[in-house]
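Down below is the structure, laid out as structure tokens.
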Amino acid sequence: MWLLPLVLTSLASSATWAGQPASPPVVDTAQGRVLGKYVSLEGLAQPVAVFLGVPFAKPPLGSLRFAPPQPAEPWSFVKNTTSYPPMCCQDPVVEQMTSDLFTNGKERLTLEFSEDCLYLNIYTPADLTKRGRLPVMVWIHGGGLVLGGAPMYDGVVLAAHENVVVVAIQYRLGIWGFFSTGDEHSRGNWGHLDQVAALHWVQENIANFGGDPGSVTIFGESAGGESVSVLVLSPLAKNLFHRAISESGVALTVALVRKDMKAAAKQIAVLAGCKTTTSAVFVHCLRQKSEDELLDLTLKMKFLTLDFHGDQRESHPFLPTVVDGVLLPKMPEEILAEKDFNTVPYIVGINKQEFGWLLPTMMGFPLSEGKLDQKTATSLLWKSYPIANIPEELTPVATDKYLGGTDDPVKKKDLFLDLMGDVVFGVPSVTVARQHRDAGAPTYMYEFQYRPSFSSDKKPKTVIGDHGDEIFSVFGFPLLKGDAPEEEVSLSKTVMKFWANFARSGNPNGEGLPHWPMYDQEEGYLQIGVNTQAAKRLKGEEVAFWNDLLSKEAAKKPPKIKHAEL
């Protein structure tokens, strides 16, 4: 375990502490009793009971490293669940950066990181003396499957304002969560199996917290949105949830889902000094490594950073979801085409400028000069192969389509970032929404178009709807900020209402809200921003262009299959 002071939101600290019951909440779970705390928000009579760090699985240590999660051990005392759990192991420096961006904290908390991290946080506005049945919203955080944690997302405001039970879960990340040898010795997808285990825990226990196990909505952003999308496709998650929301990430996001990751496993073996005579030997070697040794290995892998100098086909900036035959039986494209998945009501959305600032900055795109010529853009698109998956021979055609209409190098840079946003998020999201709709499930789409007042000073003022920007609205941060503009407070209330209405009924619409059309053959969607309004055919032309380009390419040549043996 290691410590790092992180600037995090302790949203509860902004709350006033009036009107809560005299004694703190104690709730029974299948494993034992847990003690929480009450948090009251100004202007709202009903306090929220908060339980932080409730274990939903056994610590994944020793022989449970690279293994499916096991049920938590029971305890006979009252467990104190009033402080944040450790976050799963990850690069602490990069996590510091992202936490600073995604939380509005004034208070510096010392956060722990540990391999023992399978905990969840519960925020319930229910009167625990009565048997309430409130809708449950289970949040899966983002971070490229290598970063993040539940403490960054305080569910108090959403729970209090919308009368829903919010659960923020954690799951193993990086090597701990997604290391795969492609065989039975380490299938991978451990982090997703943790998510499934958390959903089982919710089914078994959430009624005691005033939640309805028959009304569970899973929602997540970025890799959390991709996780939601994977769970929609997974037979293991059947009947564990009833509605789903993917914000800026789906199972067709190329960087996050691969058939196998044997090539990355090979790289890990070399860096770890492990023999790979057999998978069993390799996995045994990695299980012997200490937590710190695996962290050191994580730093050497340089996750989330694109290599703009080496061979991008040999670079592994992500340890993604893999086809393991269990959680994910086939590639998402096949499962979607066969219409064989959990056809629950589904909201799929993207932000207006997914590659506006945060992602190119984190991934190390050389754009500091703020301008770009066509040749460099074409080269950058090819260097982005691990996340864009565009064959080298198509890169000039693509950059010409997007950048060819202007000679202004500043505009070219902006258009290149639009191209990246479309390839990585826009096109996959629309494709998933269409397939979901065609399988007969109620589907809704949105595009978020607002620049939060929380935005980093470093982010150019022109960037509106950057990756992650909707999170502030979804969790009601502006309602606690005090000095947030009125339009932002109003927008946040609208977004929370849409999300919670959807959690209640599978339809986001309700009294006093702009109409959000269902995503049908006309492809109506909602533009969410200062002027929230319906529009049609989100990214329609762009999707047509990319589908046409990639299908022509696929028809031209037989697929090359490259095997990396372990």
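One is the number of the first residue shown, and numbering goes on along the chain from there.
Using the three backbone atoms N, Cα and C, a Cβ is placed for every residue, glycine included.
With a 10 A radius on its CB, Ser222 (active site, acyl-ester intermediate) counts 28 other CB atoms from all the protein chains. Taken from Swiss-Prot, the feature active site, acyl-ester intermediate applies to Ser222, supported by sequence analysis.
As annotated by Swiss-Prot, active site, charge relay system applies to Glu354 (among others), with the evidence given as similarity to another entry. Following the DSSP three-state reduction, the secondary structure of Glu354 (active site, charge relay system) is coil. Same-chain residues at least 6 positions away in sequence with a Cβ under 8 Å from that of Glu354 (active site, charge relay system) are, in sequence order, Ser248, Met420, Gly421, Val424, Phe425, Gly426, Gly465, Asp466, His467.
According to Swiss-Prot, the active site, charge relay system annotation covers His467 (among others). Around the Cβ of His467 (active site, charge relay system), the number of neighbouring Cβ atoms within 10 Å comes to 27.
Other C-beta atoms found within 10 angstroms of the C-beta of Asn80 (N-linked glycosylation site) number 14, with every protein chain shown included. Annotation note: Asn80 (N-linked glycosylation site) sits in a strand segment as assigned by DSSP. Annotation source Swiss-Prot lists N-linked glycosylation site at Asn80, citing sequence analysis.
Taken from Swiss-Prot, the feature phosphoserine covers Ser379. In the three-state DSSP scheme, Ser379 (phosphoserine) falls into the helix class.
Separating the Cα atoms of Ser222 (active site, acyl-ester intermediate) and Ser379 (phosphoserine) is a whole-number distance of 26 Å.
Remark: Ser379 (phosphoserine) has Thr395 as non-local neighbours, by Cβ distance under 8 Å and separation of at least 6 in sequence.
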